[in-house]
Amino acid sequence: MNRREVLARLSTGLAVVGTAGLLSFSALAADTIKIGAVAPKTGPLAGGAAVSQWPNIELWAKEVNDRGGLKLKDGQKKVEIIEYDDKTNPGEHIKAAQRLATQDKVDFIIAPYGTGFNVAAAPIYAKYGYPQIAVTSISDQIGELTGRYPGLFFTLGSTTDFVQGVVHVLTGLREKGDIGNKIAMVNVADAFGIELADVARPLFTEAGFEIVYDKSYPLGTPDLSPIIKGAKAANPDAFVAWSYPPDTFGLTEQAIIEDFQVKAFYTAVATAFPAYGGKFGSKINNVLGAGGTNPDDPKIADYRKRHKEVTGKEPDYWASANTYAALEVLAQAIEGVGEADREKVTQYIKDHSFDTVMGELKFENQNSRKYWTVGQWQDGVFRGVDAVNIDGAAPVRVKEGWE
Amino acid sequence: MTGSGWKEIGLAAGLVILAAFVPLVTDGYWLSIAVTAMMYIALATAWTLFSGPTHYISLATGAFFGIGGYLVATGMSDYDISFWVMAAVAPFVAVVLAAIVGAATLRLSGIYFVIFTLGLAEMIRGLVSWVQNNFLGSRGLYVLTDFTEAHIYWMLLIIAAVVYLIGWLIERSRLGFAMKIIGNDEGVAKHLGINTAAAKVALFMITGYFTALVGVVIAPRYSYIEPNLVFSPELSFLVVIMALLGGTQRLWGPIVGVIPFTLIWETISVSFPNATTFYLGLSFLLIVYFIPNGFVGLVEKLARRRQG
């Protein structure tokens, strides 16, 4: 290779990189409130973040800027969002959060997507004094975590609340005489699935239920038919699956194939995704799942309409509204303080209540206990049937076949 | 002992001392990059210790790393055992695993080893999930410590330095000489009376020990451990890519590979958050096109040209 050849190759290479760079160029606005956002755009959690996290950030930023920006002491300021992909990797997430804090010097950061990422990023938020209003983070360690990190807020509940919701719903059905007391319970053998099953066993037993089938399956297993066949053979009244998105779909599909007749059928994460209803249509009528919302609430109805108009996507029937509400809390706290002072904003969040799409939110010991725990697909809509401190739960229906 | 050997270790010692000052200069973004780079330096050097001389591409990094991280999390979260006790215990579990895997596969030729290690991380992840699910249970694995990024950085630096020192000593020992012969022609090595299997397994165990130790130190940084995050097949591949980018003929090869890789990766992540994978592929193409023998090859070629 002679020098001219090297030069020619090098310039071709540079031209390719340069053109690509121009394509992703984005203009910077002056005199704005800079808001950072780190969440997965690639990796295992990217699918969930693309439903519940990113569209809400887009919607919120657009709405704040359309009304002229955040009202501060020295006039209105628009928000500018700086986004990074954490690639569903905690190490990458920490780097990106550090970059937001020390290089981009953002005024505020939107809390991460996923329990693990909220916990991994908390020390950085704490170090730089950013308030962290976590949504998609469900933990039984809320007390210890909020004690350790004074700017960390929780809004979607604890593992125990989450399981307790299911216990309430099934107990209610039993009291009405709709179901007996036999439960088939399965779980995905991975972090959160194991934790949920662990919490659920004693709670079900305490409530007088008999667990007639208790099995787990490995994460990512493609064949779930033995699980459903086994559960069916145990002849239960209710089926409960502590499942992740892929197996929520897989278990439902097998239940339809096997025509698994139970009076209550529950799958956990992703049952609330519009894609779930879209895939199974009327077959999953009366299926129970994690989350829920009240589409008849005018605020929620309006939020869902705006979400669809601006982002072109349906919000999910669970964490989407909470995610948007957390952003509303942040905006109201910044406006309440009147300046981008993180310490004052954190204190403001602790001391005030906020008017959001989820109703009035107030933090006690940095924890807002106002969320849906169980929802049910009722005629094409995933309605909340059990909640903590929210009114308007729909009556639970009995599952009747897979038509 | 040759003069160049002492020169090499002296240079390395100087670099370690210099690197120790990084957290005093910066404590934000650049430190977090330095922690990531130091993690990969330690992992890639440990990898080269075994795979450099033997030419066996090991994809077991994710498995060993995961054992370290996972055991620390389980011990601290479920049994209230201190971080230091778990840090002392966990790497030995990895050593036992390395011995078993090594004994099973290293007596065969290289390809069986590669294929076996490819699935190892996934297999161990499945195994620990199964044990946890059926016997131990879990309430979420939290690793909450008071370590700062600086502490983690220094611990990683010490690990990297020790791995390098061990590698340097092995290179000058009977074991190192045996490994070079095995790498060049295993048949010849056997005929010379070298117990090739024992030599390979011994080295693989050392690699396993330090890789797990890196996993132990990183666990407090992640704070919340999920099996599929620490038993990451992607990590195994990244380490191999970085080591190859640097060049595996020399123990210092991975170090010169990791630093530019980390910086390129960071530049891509920052500039093109919506297309990281695409640009990563593009830069690989450019690297392979222009520096096929890694940075070590490039540096040594330039050095030869200057002499000639």
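Indices start at 1 and increase along the chain as displayed.
Here the Cβ of each residue, glycine as well, is placed from N, Cα and C on the backbone.
Quick caveat, the model's predicted, so the values are computed rather than measured.
The annotation transmembrane segment is assigned in TrEMBL to B:9-25 (among others).
Look at TrEMBL and you will find B:31-50 (among others) tagged as transmembrane segment. Long-range contacts of the transmembrane segment (B:31-50) within its own chain (CB-CB distance under 8 A, at least 6 residues past either end) are made by residues 19, 22-23, 56, 58, 61, 65, 149-150, 152-153, 156-157, 159-160, 163-164, 166-167, 170, 200, 203-204, 206-207, 210-211, 214, 218, 221, 235, 238-240, 242-243, 246, 248, 251, 253-255, 257-259, 261-263, 266.
What TrEMBL lists as transmembrane segment is B:57-75 (among others).
What TrEMBL records for B:81-104 (among others) is transmembrane segment.
If one looks beyond the transmembrane segment (B:111-131) by at least 6 residues along the same chain, the residues whose Cβ comes under 8 Å of a Cβ in the stretch are 56-63, 66-67, 70, 97, 101, 104-105, 227-228, 231-233, 235-236. Per TrEMBL, transmembrane segment is recorded for B:111-131 (among others).
Counting residues 6+ beyond its ends, the transmembrane segment (B:151-170) has Cβ neighbours under 8 Å at 5, 8-9, 12, 16, 19-20, 22-23, 31, 34-35, 38-39, 41-42, 45-46, 48-49, 176, 179, 203, 206, 210, 213-214, 217-218, 220-221, 251-252 in the same chain. Under the heading transmembrane segment, TrEMBL lists B:151-170 (among others).
The transmembrane segment feature in TrEMBL is assigned to B:201-222 (among others). Among residues of the same chain six or more beyond the transmembrane segment (B:201-222), those with a C-beta under 8 A of the stretch's C-beta atoms are 35, 39, 42-43, 46-47, 49-50, 53-54, 58, 60-61, 64-73, 83, 86-87, 90-95, 97-99, 101-103, 106, 143-145, 147, 149, 152, 155-156, 159, 162-163, 166, 170, 175, 179, 229-230.
Under the heading transmembrane segment, TrEMBL lists B:228-245 (among others). Sequence-distant neighbours of the transmembrane segment (B:228-245) (same chain, 6+ residues past either end, Cβ-Cβ under 8 Å): 40, 43-44, 47-48, 51-52, 57-63, 65-66, 68-70, 117-118, 121-122, 124-125, 128, 215, 219, 222, 253-254, 257-258, 260-261, 284, 287, 291, 294-295.
Summarising the annotation, TrEMBL assigns transmembrane segment to B:252-272 (among others). With a threshold of 8 Å between CB atoms, the same-chain residues lying at least 6 positions outside the transmembrane segment (B:252-272) that come near it are 8, 12, 33, 36-37, 40-41, 44-45, 47-48, 52, 164, 241-246, 278-280, 283, 294-296, 299.
The annotation transmembrane segment is assigned in TrEMBL to B:278-299 (among others). For the transmembrane segment (B:278-299), the residues of the chain that approach it from at least six positions outside its boundaries are 241, 244-250, 252-253, 256-257, 260, 264-265, 268, 271-272, judged by C-beta separation under 8 angstroms.
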*Other than its close neighbours in sequence, what residues sit by the transmembrane segment (B:81-104), given a CB gap under 8 Å and a spacing of at least six beyond its ends?*
60, 63-64, 67-68, 71-72, 75, 116-117, 120, 124, 143, 145, 197, 200-201, 204-205, 207-213, 215-217, 220
